[in-house]
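Quick look at what TrEMBL annotates:
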DOMAIN    395-503  domain 'Fe2OG dioxygenase'
REPEAT    216-249  repeat 'TPR'
SIGNAL    1-28  signal peptide
Amino acid sequence: MKTFFSFSRMELPCWGFLLMSCLQSLSAHNDFFTSIGQMTDLLYTEKDLVTSLKDYIRAEENKLEQVKRWADKLDLLTATATKDPEGFLGHPVNAFKLMKRLNTEWSDLESLVLRDTTDGFISNLTIQRQYFPTDEDQTGAAKALLRLQDTYRLDTNTISIGDLPGVKHKSLMTVEDCYELGKIAYTDVDYYHTELWMVQALKQLDEGEESPIDKVTVLDYLSYAIYQQGEIERALEFTKRLLELEPEKKYEMLCRGEGIKMTPRRQSRLFCRYFDNNRSPHYVLAPVKQQDEWDRPYIVRYLDIISDAEMEKVKQLAKPRLRRATISNPITGVLETASYRISKRRATVHDPQTGKLTTAQYRVSKSAWLTGYDDPMIDTINQRIEDLTGLEMDTAEELQVANYGVGGQYEPHFDFGRKDEPDAFKELGTGNRIATWLFYMSDVSAGGATVFPDVGAAVWPMKGTAVFWYNLFPSGEGDYSTRHAACPVLVGNKWVSNKWIHERGQEWRRPCGLSEAD
């Protein structure tokens with residue numbers, strides 16, 4: 001028997017054979033940006049993707065139209081029925097149809113709404129993605145553009161409006177394009193070009209161009225790039241403008257639970273599991289509970305990973321040693337006490353030896369450092385981290401215990417040393433910080449989340465759990481998406497302890513990758 005929802009499902013075209021045939025020429029691609037000939041193939045690849053995307057849109061519109069017709073029909077019916085419910089249901093056909101609708105047709109509606117029409121598009125995208133340019137291609141193309149800019153003395157506005165000599169197909173650059181060029185230059189410690197392109201991005205924003213990139217983000221990079229070139233006064237002017245525009249930072253939105261960028265589709269790919277780290281002897285019979293917190297960067301949480309007795313012991317050991325928290329001086333690599341802040345991108349510390357201000361992150365908490373000499377339990381905890389991560393702990397830093405009171409925070413920062421900080425952790429002699437392990441040793445009544453502003457991620461304190469992420473790609477390059485912050489504690493008392501794991505000793509435990517993004 002047909003119901004209102006009887007329909008012939010719209011079948012999306014199968015593009016697999018077509019795509020494979022047109023993409024075979026790309027299968028051995030290498031450095032797309034070095035060959036216009038190879039890049040022309042990508043235009044046809046993108047054209048096929050657009051066709052597939054339009055098919056997906058038509059399928060979604062078809063589904064939405066059926067739902068709309070159902071809603072309109074029921075809206076009219078229920079408006080009539082509720083005027084005289086008893087009289088309406090006194091008609092046996094109306095009573096029968098009500099039972100039928102609620103028992104059958106609403107289930108059909110549910111099936112329609114839940115029907116996934118993305119299969120065709122996603123399969124096409126998956127086939128093509130293996131032939132897409134890599135991060136290396138994108139970076140190479142950006143650097144080529146910067147090289148042309150220098151060689152032919154082109155100003156950023158000329159390039160942005162596409163007004164190049166001899167061109168037939170002008171192409172305008174958006175704010176996002178300019179910002180991306182500036183960010184690639186920044187990652188390469190090229191502050192000259194960072195400034196040029198962030199200025200262009202800011203100019204286009206000031207002229208009213210709509211963009212998901214906001215002025216605060218651009219000014220953040222711009223002020224720091226100018227500062228690194230030694231122009232302190234200009235950097236201060238841009239910093240003042242930044243603070244006038246938005247005294248609050250993006251990370252503060254995440255602290256309030258706003259602006260989290262986890263879509264339902266990405267959420268569906270996060271899982272929980274029992275984890276024994278490839279049958280580690282300590283966890284074969286009693287695997288631990290592990291759950292995915294975020295996908296990019298990949299952040300996992302371990303549940304019930306430290307006992308109440310251990311947490312109390314760690315706090316007991318730390319309390320007499322608690323001192324105002326320190327940060328790593330990027331110039332000297334030495335740990336220093338945070339004094340005060342003058343800018344958003346980088347806070348400053350007062351160097352007790354030179355009396356000068358130097359860039360650092362702003363931190364309000366007290367911390368202590370613990371080793372196995374303080375208590376054998378610390379060695380037990382370190383061994384647990386090694387067993388679960390598979391990483392060597394002999395070259396890791398001591399266990400740092402931090403206590404944040406009301407308002408206690410740590411503004412956005414990187415755990416690893418960047419290219420412009422060549423002496424970061426030099427005194428340790430163990431290389432860069434490859435990964436971070438963070439224990440939550442208390443629940444927090446309100447506030448106190450760990451947030452990752454660049455990706456819109458928020459991880460909330462949960463007593464007895466720990467989170468883990470890699471700060472470096474296997475290639476040794478820093479993962480800039482791991483910039484994070486400890487939100488201010490609104491109500492309560494926040495205890496954490498963390499283990500910063502270093503590169504040395506991991507050569508056989510986490511082999512190097514061959515490209516920057518590996």
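Keep in mind that glycine also has a Cβ here, set from the backbone N, Cα and C atoms.
Keep in mind that what you see is a predicted model, and the values were worked out from it rather than measured.
If you average pLDDT over the domain 'Fe2OG dioxygenase' (395-503) in this model, you get 92. Under DSSP, residues within the repeat 'TPR' (216-249) fall into helix, strand and coil as 27 helix, 0 strand, 7 coil. Per DSSP, the domain 'Fe2OG dioxygenase' (395-503) is made up of 3 helix, 51 strand, 55 coil.
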